Structures are given as C-alpha cells and as structure tokens.
Amino acid sequence: MTTRSLLILPGDGIGPEVMAEVRKIIDWFGTQGLAFEVSEDLVGGAAYDAHGTPLHDDTMAKAQEVDAVLLGAVGGPKYDALDFSVKPERGLLRLRKEMDLYANLRPAQCFDALADFSSLKKDVVAGLDIMIVRELTSGVYFGEPRGIHKEGNERVGINTQRYTESEIARVARSAFELAHKRAGKVCSMEKANVMESGILWRDVVQEVHDAEYPDVELSHMYADAGAMQLTRWPKQFDVIVTDNLFGDLLSDLAAMLTGSLGMLPSASLGAPMANGRPKALYEPVHGSAPDIAGQGKANPIACILSFAMALRYSFDLGAEADKLEKAVEAVLADGLRTADLLGEEGTTPVSTAEMGDAIVAKLAAS
Ligand code: NAI
Ligand code: MG
C-alpha cells in the first residue's frame, strides 16, 4: 500500500485559520479512501513561544522524513522585536536550507470568475495556467565576491552571478519533471546574449533535455523578451524555468496577472528522495496577515491550492488535484468571495470557514 505522509505546520496569524480549512479537505479525501498520514507541529512564533526557537530540531527531523510539508505562514508584530537568530522567518529559512529546496514553483493560474481582477484584458488571462520555476539557492543573491568597497574616492558595489553545471541541471530536471505532469512544454529564460552564466544555463538546460527529457518541448528565450511575452500573451507558456534573480521578478509579475494574494499557492522542491518523490514544502505566498488574524476573514484558497500542488507534484494525484481546483473554480463561479476578493458593491463576504465548507461541498457533489 502506498503511504502518503504529510507534516502540517500552521504557524502564526492566519496560518492556523487557513490550515483548518485544508484539514477539512484532507479529511474529505480520507472519506474517499485516499488517506494521508498527517502529523502537525509548530513553526515560527508559535514554536518560539513553546520552545524558544522558531523551529525545534525534532520538527526539522520530521520535515526531512515526510513526503511533503505544508506550511501556513509565520511572523507577526508580537515577534518583531526578537533577536534576528530566533525570528519566526528563521524557522522557514531553516526548513528551506536544510531540505535544500532549490526549485521554487510559483503558478499563475486564472480562474474565469476572477478574470476581471486582472490588470490585463480578460481574454488574455482567462484560463491561464502557467508555472514559473525559479532557482532558489544560488545565483547572484549568493555569489562571491560581493560587497561594497572603496576604489579611489568612490564606492563600488559588487554582486556575482555564479552557477555551476550541477546547480543548473538539477533545477532543469525539476522543470522537465513538472512538464511531464502538465502540458509538456518548458521555456528556459536567461540572458545568454550578454551573460556567460546565461550561456552556460542555456547549454546545460539543452543538454539535460536532449539526454533525459527529449519528449518535452523545450524553447529558450531571453528573460527581458520573456517579461514582454508574459504580459502580451502568457498562455503561450506552460513551465518557465529561470535563475534566482530573473525568477524573483518574473514570478511576481506572473502572479499579478491573476490577482489577489489570497489566491496564490507555491511550492519549493529539492532532490528526489529514496521513494522518488522530491523533498517538498508547500505554502501560500501570503504572510500571516496580522491585520485580519483571528477574525475569520482570511481567504483559505491560497493554502488549499498549495495542497492541490502537493497532490499533483508530491503524490502523483493529478486527477485529485484537478478535482480540487475545479471545486475552487466552482465556488468562485457561484459568486462566493472572501473579503479580499470583493470588488463588486453590495456583495457580502463569506468567512474563512464558509469558504472551506463550500469547497468541500463542491468536492462531495463532483
Ligand atoms: P501579508 O501577506 O501577511 O499581508 C499583506 C496584506 O494582504 C494584508 O493586508 C493582509 O490582510 C492581506 N492578506 C494576506 N493574505 C491574505 C489572505 N489569505 N486572505 C485575505 N487577505 C490576505 O504580508 P505582510 O503584511 O507584509 O506581513 C505580515 C507578517 O507576515 C509579517 O510578520 C511578515 O514577516 C510575515 N510574512 C510571512 C511570510 C511567510 O510566512 N511565508 C511571507 C510574507 C510575510
Ligand atoms: Mg520577490
């Protein structure tokens, strides 16, 4: 029998509120014969309050063993004055670092009912479903030499874009694996016209493709042209793979094609484990939203869609992920909106729990 283990770390602020809705969905799948071994633990400020550290060693060890970690959000004003070494964010950073999560996945997915939210024309974004894979552990944010020094009588600031073949190859593999579970296309973006690291990037992605994934349709694009194409006709893309710096910009750009922070899921993947599943951490893009925490106002969809990504990319349950995304689409089409999604006048927002319940009801009816 296949086991599916999941570590849930709700965290702080609205984290526990949105995670409670994900639990309802996990429980519903359980009633359909799809069981998950779920354990729950503390991260961020919640872990600091209990243990004096934002991530206990036991929790770190558990995260290394499970198939997937699902995290809510960390942080809040209560912890702002803490020493840097024990700040809630350090818990999340430790998870990412020790699990060596080098591929950051940011989908841009547009639900028809929310297409009016986009700053682009409705037909440009309606039905959009693309995935940006950003290299997360190397590149110009980490390269040496770096710093600010004096040359003569002026200051010079230096950062170095540095990529090894193996760093490029492993994130390329992540992108090609995702393409297998999606529409089978990868577009790699760099600046091979002006950067040597870009030339190497292009070569290595092509080599990995030719040797291991010849069935995937691969194209290359300069990252600046890619930015233009993303706003002109984003539906031409399926998976985009790019470096840390370009990915930082392009993933934020792509996210806003589709609207609200309360809707955006993400994943960070690492190397395949012994069972073939990648090390994986799934989390909404948003933070702990202290301004609305404890009020039942949070939109749980970003966290629910993060679980849908776990279904698809950690557990090979693409059909179930589709089903969950369709349920989200259906409640939105019915006009249900949490407060963050309210544009139209005269609509009453639903609560976090009402949104979760409605999604479960759609699943049950599908
Ligand atoms: P935030 O994402 O928590 O909130 C920004 C704005 O969006 C707020 O007005 C909030 O109410 C709204 N919002 C966010 N998620 C929402 C949701 N699901 N439904 C409805 N509205 C939502 O970012 P902010 O305010 O900059 O940071 C708040 C705290 O969260 C800080 O302590 C920050 O360090 C932490 N943070 C944690 C992250 C994480 O855990 N990955 C990421 C970003 C921030
Ligand atoms: Mg950014």
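Keep in mind that glycine also has a Cβ here, set from the backbone N, Cα and C atoms.
Because TrEMBL annotations are produced automatically, they should be read as predictions rather than curated entries.
As recorded in TrEMBL:
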BINDING   76-89, 287-299  NAD(+) binding site
BINDING   Arg96, Arg106, Arg134, Asp224  substrate binding site
BINDING   Asp224, Asp248, Asp252  Mg(2+) binding site
DOMAIN    5-359  domain 'Isopropylmalate dehydrogenase-like'
SITE      Tyr141  site 'Important for catalysis'
SITE      Lys191  site 'Important for catalysis'
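The structure, with features from TrEMBL marked on it.
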residue : record                         : Cβ contacts under 8 Å, 6 or more apart
Gly76   : NAD(+) binding site            : Asp12, Gly13, Gly45, Pro88, Ser288, Pro290, Ala293
Asp80   : NAD(+) binding site            : none
Phe84   : NAD(+) binding site            : Arg90
Arg96   : substrate binding site         : Leu136, Ser268, Leu281
Tyr141  : site 'Important for catalysis' : Asn159, Asn244, Leu245
Asp248  : Mg(2+) binding site            : Arg134
Asp252  : Mg(2+) binding site            : none
Ala289  : NAD(+) binding site            : Gly13, Ile14, Ala73, Ala298
Lys297  : NAD(+) binding site            : Thr338, Ala339, Asp340, Pro349, Ser351, Thr352
Cβ-centroid neighbours of Mg(2+) site Asp224, Asp248, Asp252, 8 Å, sequence order
Ala223, Ala227, Leu245, Phe246, Gly247, Leu249, Leu250, Ser251, Leu253
Of Asp80, Tyr141, Asp248, the recorded positions listed, which put a C-beta under 6 Å from ligand 2? Please answer none if none do.
Asp248
If you measure every Cα to Cα distance among Arg96, Arg106, Arg134, Asp224, the residues said to bind substrate, what is the biggest one in Å?
28
Cβ-based isolation winner (fewest other Cβ atoms within 10 Å) among the binding-site residues Arg134, Asp224
Asp224
So of Arg106, Lys191, which of the recorded positions has the fewest other Cβ atoms within 10 Å around its own Cβ?
Lys191
Per DSSP, three-state class assigned to Asp80 (NAD(+) binding site):
coil
Please go through the binding-site residues Gly76, Asp224, Asp248, Asp252, Ala289, Ala293 one by one and keep those whose C-beta falls under 6 A from any atom of ligand 1; give the result in sequence order.
Gly76, Ala289
Local backbone state of Arg106 (substrate binding site), from DSSP in three classes:
strand
Can you tell me how far the Cα of Arg106 (substrate binding site) sits from the Cα of Lys191 (site 'Important for catalysis'), in Å?
21
